[in-house]
Every structure is written in structure tokens, then in C-alpha cells.
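Novice: Straight from Swiss-Prot, here's the annotation block:
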ACT_SITE  Cys266  active site
BINDING   Arg41  substrate binding site
BINDING   Asp42, His233, His235, Asn275  divalent metal cation binding site
DOMAIN    33-300  domain 'Pyruvate carboxyltransferase'
MOD_RES   Lys48  N6-succinyllysine
MOD_RES   Lys137  N6-succinyllysine
MOD_RES   Lys179  N6-succinyllysine
TRANSIT   1-27  transit peptide
Amino acid sequence: MATVKKVLPRRLVGLATLRAVSTSSVGTFPKQVKIVEVGPRDGLQNEKNIVPTPVKIKLIDMLSEAGLPVVEATSFVSPKWVPQMADHAEVLKGIQKFPGVNYPVLTPNFKGFQAAVAAGAKEVAIFGAASELFTKKNINCSIDESLQRFDEILKAARAAGISVRGYVSCVLGCPYEGKISPAKVAEVTKKLYSMGCYEISLGDTIGVGTPGAMKDMLSAVLQEVPVTALAVHCHDTYGQALANTLTALQMGVSVMDSSVAGLGGCPYAQGASGNLATEDLVYMLAGLGIHTGVNLQKLLEAGAFICQALNRRTNSKVAQATCKL
């Protein structure tokens with residue numbers, strides 16, 4: 001297993017405390033934000049070389065140690081489609097279960113849901129999309145048909161007391177359709193919420209969104225679904241992830257998805273690399289005086305560990321500025 005080198009300068013300790021400067025506008029933001037760390041699943045699923053199971057387990061444990069309240073651990077998808085996630089059961093069983101930390105797993109179908117439950121999953125996630133063409137190309141059915149396929153999962157989850165999180169892809173743009181109507185995003189989000197998803201993450205899958213587009217989309221969705229049930233999942237393909245996240249914060253959204261070291265993208269959307277780096281998100285939120293419960297120093301150590309294991313450079317600007325990776 002790769003080992004962590006001591007690459008984090010101690011001067012970062014003072015930086016990481018980020019004595020938040022209060023501003024007159026802070027009152028417009030939530031006082032606390034829940035960060036959903038998607039690196040171990042969304043971040044690693046597209047890596048060409050198979051990441052050893054012990055490395056995945058250590059990464060998840062380090063992220064938990066850093067104080068992240070939610071760490072999406074893996075995906076119970078067919079190894080034929082995503083070979084990187086073939087060790088899903090071993091990962092879920094092998095990680096330390098930190099008190100107060102949730103470890104949701106992606107379940108694309110009922111077979112995956114059953115396997116996840118057998119491995120000890122307490123929360124699962126399902127995926128929808130706001131683009132008909134994206135849905136057709138990925139799973140060869142319509143949006144409505146795709147949601148109907150999840151009905152069995154939601155019913156079984158309800159009976160077993162398992163929480164279900166929903167994802168909506170392509171909320172600000174599609175690689176095939178282009179611009180997506182905010183009304184369509186609102187429609188799909190409302191359906192997932194009415195089906196029983198306690199939280200719906202709105203994903204800018206190809207990272208084309210701007211703050212204006214984010215505002216328009218959320219304005220439509222908030223007419224159908226309470227803000228407490230929403231999260232945003234921004235990609236930094238065009239360098240807009242933090243700006244879009246800030247816009248969502250201003251509109252009351254208090255759950256943010258991000259990936260350590262900015263790992264990951266979407267395997268079906270060409271050029272859609274670059275999830276929002278968790279390190280950069282934590283740095284911004286700390287500067288706004290918004291509580292996350294995340295220790296930036298330990299988070300940076302987790303990012304350094306996985307980047308060294310993958311033999312790659314971090315995509316986090318904060319890590320680049322302080323760790324020299």
C-alpha cells in the first residue's frame with residue numbers, strides 16, 4: 001500500500017484554522033453546511049488502473065478522520081460496466097464505521113441494492129437525469145422509465161429502514177442535448193422527492209453551468225421541493241464550481257457534494273473531468289464563517305495520500321498552494 005509522505009508544511013496549521021472574518025453578508029448564508037464526500041466512489045470510478053482495495057479503505061478512513069459527515073464509499077454496479085468498483089463489498093465491510101458518519105453507496109438497480117444491503121449498507125443512492133437523450137444513451141430508456149425502475153428499490157429500502165439519496169444528472173447542461181430546461185430539472189427532482197428520496201443532489205455533470213444558470217435552475221426547483229431536501233454537485237470543467245456553489249449557498253442550499261483532490265468526473269460525458277475539490281470547498285466555507293466540522297489539515301493529508309497512491313497531481317488549488325504536490 002502507498003504510504004503518506006510528510007509533505008504538509010506546518011505553516012498550513014495557521015492557515016487551516018482560518019479565523020473566519022465576519023462580513024455583513026454572512027447572514028445570507030447557512031450557518032452550517034454538510035459536505036458529502038464523493039471521492040472514493042465518483043472520484044475513483046474512472047481511474048484506468050485498478051486502485052487496490054486497501055488503498056480505498058485507508059482513503060475512506062482518513063476522510064472520516066478528517067471530520068467529513070458523509071463519505072460515499074463505493075458503487076454496487078456490475079464489474080463489467082465499472083471494473084474499478086468490483087470490490088464494493090470488501091470496501092464497505094473493511095472500512096471503520098466512524099460514529100456519526102454515513103457511508104452511502106450507489107445502487108443502479110435492485111440487484112445492486114440487494115448486494116449493498118447484504119454487505120451492510122445503511123444508506124443507498126440512485127441516479128436519474130434531467131436529459132432524455134443522456135438517459136437514452138446511458139441506460140436505453142426514457143427518464144420516466146428510469147425512475148420507475150427505482151420504485152422497487154425505494155419500496156424495499158423503506159421496508160428495511162434504509163435511507164435513499166437521489167441524484168439528478170445534467171441539471172445545467174447535457175453533452176448531447178445542450179441546455180436543459182430548469183422546469184425539466186424541477187420535474188425530475190419533484191418525482192424523486194415524492195418517491196421517497198430524503199435528499200436530491202443536483203449535478204452539473206459536464207461543468208458548463210454558471211452562477212446565473214444555477215440561480216435560474218434552483219429558482220425553478222425550489223418551487224417544487226423544499227431547500228432542506230436539496231444538495232448541489234458541481235464540476236469544475238469550466239472553472240465555475242466554487243462560484244456555482246456560492247450561488248447555491250446564497251439561495252439556502254446547505255448540502256454540498258465534493259471530491260478530495262478534485263478527483264473524478266462522469267464516464268459517459270466526454271471532457272467532464274474535475275469534481276469540485278473538497279479542500280477548496282472547505283477553505284471557502286471556513287472563510288465565510290460557515291461550520292463544516294472538517295479539519296482541513298487532515299483533509300489535505302487524505303488528498304496527499306490518494307494522489308501519491310495514484311501517482312498524480314492534485315486538482316485542489318488549496319493543496320497546490322500549500323502541499324506542492
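Cβ atoms are placed via backbone N, Cα and C, with glycine included.
Quantities reported herein were computed from a predicted structural model and do not represent experimental measurements.
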Novice: Tell me, by DSSP, whether His233 (divalent metal cation binding site) is helix, strand or coil?
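Specialist: DSSP assigns His233 (divalent metal cation binding site) to strand.
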Novice: Secondary structure at the residue listed as 'substrate binding site' (DSSP, helix/strand/coil)?
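Specialist: Going by the DSSP assignment, the residue listed as 'substrate binding site' falls within a helical segment, counted as helix.
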Novice: Report, in whole Å, the straight Cα-to-Cα distance of Lys179 (N6-succinyllysine) from the residue listed as 'substrate binding site'.
Specialist: 27
Novice: Far apart in sequence but close in space: which same-chain residues, 6 or more away, have a Cβ under 8 Å from Lys179 (N6-succinyllysine)?
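Specialist: Looking at Cβ-Cβ distances below 8 Å from Lys179 (N6-succinyllysine), excluding near sequence neighbours, one finds Gly173.
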Novice: When you rank Asp42, Lys48, His233, Asn275 by Cα distance to Lys137 (N6-succinyllysine), which of the recorded positions ends up on top as the closest?
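Specialist: Considering only the listed recorded positions, the nearest one is Asp42.
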Novice: Among the recorded positions Lys48, Lys137, His233, which residue has its Cβ surrounded by the fewest other Cβ atoms within 10 Å?
Specialist: Lys48
Novice: Roughly how many Å lie between the Cα atoms of His235 (divalent metal cation binding site) and Lys48 (N6-succinyllysine), rounded to a whole value?
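Specialist: Pair distance, Cα basis, whole Å: 20 Å.
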